[in-house]
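Scroll down for the structure; my scribbles are underneath it.
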Amino acid sequence: MLDKGYINHQEITTITINQQTKQIETFTRLKMAGSHALVMAVLVMGIAFHSTLIDATIAKSMYFNWGAHHSSILGNGDDLRLVLDQTSGSGIQSKRAFLFGSIEMLIKLVPGNSAGTVTAYYLSSTGAKHDEIDFEFLGNSTGEPYTIHTNIYTQGQGNKEQQFKLWFDPTSGYHNYTIHWNPTQVVWYVDSVPIRVFRNYESEGIAYPNQQGMRVYSGLWNADNWATRGGLVKIDWTSAPFVASYRRFRARASAVAAMNSASQDDKATVSCF
């Protein structure tokens, strides 16, 4: 997740959905001949993750970590509203940390003129050398497409941004956003469509997040110094309050004791459900 008041101006790769799909299809064809063992391992891991499905409401699984005074959990405890106005944004986080699994949420993004706002949905550990896997949704002027900003941090090092344009209106209804994270790869999904893959190439000296348990976070805040057209378009506060809506947080994942990156030598303790 990029800092709320700062953006590191590294080169950001913008990829269309069709380009990413072609890349994934090409990789699949190249790997088909020699990856049966890997496929079986992933399938076994998938079954294991499925057996630890956390099928609880948002109210039972998460809590507000800021801005609770004007945000709310509604209905049966599985409907969340995060709010941004001139007094504050808001955020929520999971009670448990996870090490590998599939984390999914249904989200309806801020409608109308959302320029300058950022709605974030991400996994993160804590500390200066934290790990993190990001979905960030960059607001835009009415009628313009939302931009998905993705990034991944390992040991506090990011600079792996890629951006995508959504091919639908994400404010007219709820859509599924899933982060699938296992020892071999991280995949970002939108409505079951993989838009990005980050693979484990530790053998080639590229760091990969596989040592720290991470909690799930989401937040809505003012980022008009960078979010829309590099900060050229500011928030129109006459359109406030800005509201992002959430449903059905689900984690098919292994829950672990949360670890600060400063004490990562500690062993993760797996909790069974």
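Just so you know, glycine gets a Cβ as well, placed from its N, Cα and C.
Automated prediction, rather than curation, is the source of TrEMBL annotations.
Here TrEMBL flags GLU132 as active site, nucleophile.
What TrEMBL lists as active site, proton donor is GLU136.
Marked as domain 'GH16' by TrEMBL: 15-246.
Per TrEMBL, the feature N-linked glycosylation site maps to ASN140. Here ASN140 (N-linked glycosylation site) comes close to SER114, ALA115, TYR146, THR147, THR228, VAL233: these same-chain residues lie at least six apart in sequence, with C-beta atoms under 8 angstroms from its C-beta.
The transmembrane segment annotation in TrEMBL covers 37-58.
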Check: Across all chains shown, how many C-beta atoms besides its own are within 10 angstroms of the C-beta of GLU136 (active site, proton donor)?
Finding: 21
